[in-house]
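Taken from TrEMBL, the feature active site applies to D19. Among the features that TrEMBL reports, Mg(2+) binding site is placed at D19, E206. Marked as substrate binding site by TrEMBL: 20-24, H36, 64-66, W68, R70, R187, 193-195. Summarising the annotation, TrEMBL assigns active site, proton acceptor to N67.
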Amino acid sequence: MDKTTQGASVPRHVAIIMDGNNRWAKKRFMPGVAGHKAGVDAVRAVIEVCAEEGVEVLTLFAFSSENWRRPEDEVGALMELFLMALRREVKKLVANGIRLRILGDRARFHPELQAAMAEAEAQTSGGERMLLQVAANYGGQWDITQAAQRLAREVAAGHLAVDEITPDLLQRCLATGEQPPVDLCIRTGGEQRISNFLLWQVAYAELYFSELLWPDFKHEALRAALIDFSRRQRRFGKTSEQIAAEQRKPTC
């Protein structure tokens, strides 16, 4: 299949807030978990498109640290779905050269799910085509806090001076580690907020909001978002005139 963004700017790191599963199910008079099950097809679609287009890192917000507040039966169903998806999809990830990483605090998950996460990461560890990061029991505030705690422990142990702490050093202590910052952050479902997702990493990201509910966000919807990204001018604090002048400079 031809690349949608042939010759255009492709984001190195795409992050997606997968919103709208419950509303999708309610519109069809189905239980909420049916929306989450339908959303798995959308996950497959965005993985496929990102890999085809040359995206290096795809991060999906699967379960936030605030989602534990949802009804117990819904949370339980989500955990079962997560476990089944890990076991079912891992062979396809391996076949397509995709490495899986789980971001977030795993301690609250059932030991069986924790083991499945570790096993899926191990089985896909050789993937070099694309990195798929799934944020589960993750929150941006938690991420920054745990990074600060790691640095504080290094200072307390005498291994690090306070004035040696830099933004780059703190970034390396985040759950995403050495991965590039987010270039394009997509949220489906019509809402326009970040919801405590990758707060540090989206500092200079382009934001794209889709009215589509997550189960309906498939191949063409993501390609439209990538095309929109390729048409934007990313200035990183500079003026548009400065960017234009830099683009006119000879490259030889």
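For all residues, glycine too, the Cβ spot is worked out from N, Cα and C.
Where TrEMBL records a feature, it is marked here on the structure.
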residue	record	CB count, 10 Å
D19	active site	23
G20	substrate binding site	25
N22	substrate binding site	20
W24	substrate binding site	23
S64	substrate binding site	20
E66	substrate binding site	11
N67	active site, proton acceptor	16
R70	substrate binding site	13
R193	substrate binding site	11
S195	substrate binding site	14
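Spacing of R70 (substrate binding site) relative to D19 (active site) is 15 Å (Cα to Cα, whole number). A gap of 14 Å separates the Cα atoms of E66 (substrate binding site) and D19 (active site). A 10 Å cutoff on Cβ-Cβ distances gives E206 (Mg(2+) binding site) a total of 17 other Cβ atoms nearby, all chains included.
Between the CA atoms of G20 (substrate binding site) and N67 (active site, proton acceptor) there is a gap of 14 Å, rounded to the nearest whole number. DSSP assigns E66 (substrate binding site) to coil in the three-state reduction, placing it in neither a helix nor a strand. Classification of E206 (Mg(2+) binding site) by DSSP places it within a strand.
Between S195 (substrate binding site) and D19 (active site), the C-alpha separation comes to 10 Å. Across the structure, E206 (Mg(2+) binding site) and S64 (substrate binding site) place their CA atoms 21 angstrom apart.
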